[in-house]
Amino acid sequence: MLDKSQLAPQTVQKGLKTSEEIAKFDALANEWRDPQGKFKHVLAFNLTRLSAIEAMIAEHFKRDLTLDSPLNNIDLLDIGCGVGLLCEPLASLGAQVTGIDASSYNIALAKQHAEQSAVSLHYQHCLAEDLISQNPSKITDQYQQVYIKQYDVVLNTEVIEHVEDQEALMNTCCKLVKPGGLLIMATLNRTVKSYLIGIIGAEYLMRYLPIGTHDWHYFVTPNEIETMVIANGLQPLKSQGMSFNLFTKQWKITSNTDVNYLSYAYKRE
């Protein structure tokens, strides 16, 4: 039976969420890349997500993915990169990739795997807001101007639903996008269907993810994503859903955004 109390509004103690989430994903870090392990369905999910991301980048920047190094000279930031499941394949297509994560353990594993795979990219243990605060300031008599390194593409995939201050995260993500660049978000919608499939199904019944991986209260609707990107000066482009077939064990891109979805926005030049 559905516990309706899980769908009720909930107050979370300020500052508690982030430290809990980092510890949770530290405990899982060694298992993400095992193709026959407990997260093999997550790896299948990642391949479908990756293909959608590659296609959107190619479309926006008018690149041909059939060519060698089709993403050459595209500066890309992956916020909450984990162990590098998106970073490495995008770097192999020629993108200049920086991956950041709040977990030092994830970053250490990502660096190790990149070295073994001979993939050239940069990993850094930090939060997105650290990239802004670390930048030098130019002080004049009238004002102080902060120089922020910006990126052609900023990825924030399966991160925002683990963050307490979601508006602050979106504000930072948008600041890090270059004019003319893309912001690509991936998360879970906050619907009854996402609770039944994304939590009850994926965590409790099928055990595709450990119990407690997600908190439904932190899921974000496509409209909420759009509202946040517009508030930060970006223009929403489109959203795409992702669905899983229990019989074929395959993921596919769909128009249904009730559970998993990707959302795209760009910054006007």
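Glycine is treated like the rest: Cβ placed from N, Cα and C.
From a predicted model like this one, the values you see are computed outputs, not experimental measurements.
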TrEMBL S-adenosyl-L-methionine site partner of R49, G80, T157, selected from D101, D130, D215: D101
Number of other Cβ atoms within 10 Å of the Cβ of G80 (S-adenosyl-L-methionine binding site) across all protein chains: 23
Listed binding-site residues (R49, D101, T157), ranked by Cβ neighbours within 10 Å, top entry: D101
For T157 (S-adenosyl-L-methionine binding site): DSSP state (helix, strand, coil): strand
